[in-house]
Amino acid sequence: MSAKIAPSMLSSDFANLAAEAQRMLDCGADWLHMDIMDGHFVPNLTIGAPVIQSLRKHTSAYLDCHLMVTNPLDYVEPLAKAGASGFTFHIEASRDNWDRVSKKVKESGMRVGVCLKPGTPVEEVFPLVDSGDVDLVLIMTVEPGFGGQKFMPETMSKVKALRSRYPSLDIEVDGGLGPSTIQQAADAGANCIVAGSSVFGAPDPAAVISLMRNSVQTAQAAH
Ligand code: DX5
Ligand code: ZN
């Protein structure tokens, strides 16, 4: 599986979203990570389908949507219509209906992602991945809700467990990733890297993106 570097647009200037998205693509971003928060599942409120729809008119880029919402099922149709590319929902919000959510996401033409908070054991996601309906697992490396938090190295054991069980699965990490933490994530087996503050806060975002891609590719070549 190829390395995907996904700047988190949560760290961008939302008032200039289309230009910020293009700036990241020009810097070498593979995906654009879109953090959708409902103010209930996490104590923060961001964007929803209308903003994805507006951005879609300005770019053909892969929009990697991370749903930090209490009812992911309600968001599938609106986001598919808006032009989302990937729909990653939290297992903590869908323990009783994950199979319905993943099937609906797949049927609507988006890629299916499942996300785990730092405290959720990795074994919880095995039945979903084994069902064959999941394209990506996102391991949160901070508590979801806000950018700019400190990377939690103890989450790497979950990435390692997933990588040894699923050699070709897309494994994404999100939170506190940047030049000082990328090596741990790459060595553990992550191939999709979300990074907000380390990219947007850098004097040379293209250099940070390229450094992170090199780390993933070098780690893959060594295994
Ligand atoms: C946090 C979001 C992240 C966030 C990452 O809940 O899911 O995508 O933007 O930001 P950094 O890279 O600054 O930790
Ligand atoms: Zn995110």
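In case you wondered, yes, glycine gets a Cβ from its N, Cα and C as well.
Unlike curated entries, TrEMBL annotations are predicted automatically.
The C-beta environment of Gly147 (substrate binding site), restricted to residues of the same chain at least 6 apart in sequence and closer than 8 Å, consists of Ser8, Leu10, Ser11, Gly196, Ser197. Residues or ranges marked as substrate binding site by TrEMBL: Ser8, His66, Gly145, Phe146, Gly147, Gly148, Gly176, Gly196, Ser197.
The divalent metal cation binding site annotation in TrEMBL covers His33, Asp35, His66, Asp174. Here Asp35 (divalent metal cation binding site) comes close to Ser8, Met9, Leu10, Thr46, Ile47, His66, Met68: these same-chain residues lie at least six apart in sequence, with C-beta atoms under 8 angstroms from its C-beta.
The active site, proton acceptor annotation in TrEMBL covers Asp35. The secondary structure of Asp35 (divalent metal cation binding site), as reduced to three states from DSSP, is extended strand.
What TrEMBL records for Asp174 is active site, proton donor. Classification of Asp174 (divalent metal cation binding site) by DSSP places it within a strand.
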Integer Cα-Cα distance in angstrom, Gly176 (substrate binding site) to His33 (divalent metal cation binding site): 14
Residue among binding-site residues Gly145, Gly176 with least C-beta crowding, 10 angstrom cut-off: Gly145
Pairwise CA distance, His33 (divalent metal cation binding site) versus Gly145 (substrate binding site), rounded so that it is a whole Å: 14
Distance, Asp174 (divalent metal cation binding site) to Gly145 (substrate binding site) (CA atoms, angstrom): 11
Local Cβ density at His66 (divalent metal cation binding site) - other Cβ atoms counted within 10 Å: 27
Where the C-beta lies under 6 angstroms from ligand 2, the matching binding-site residues among His66, Gly147, Asp174, Ser197: His66, Asp174
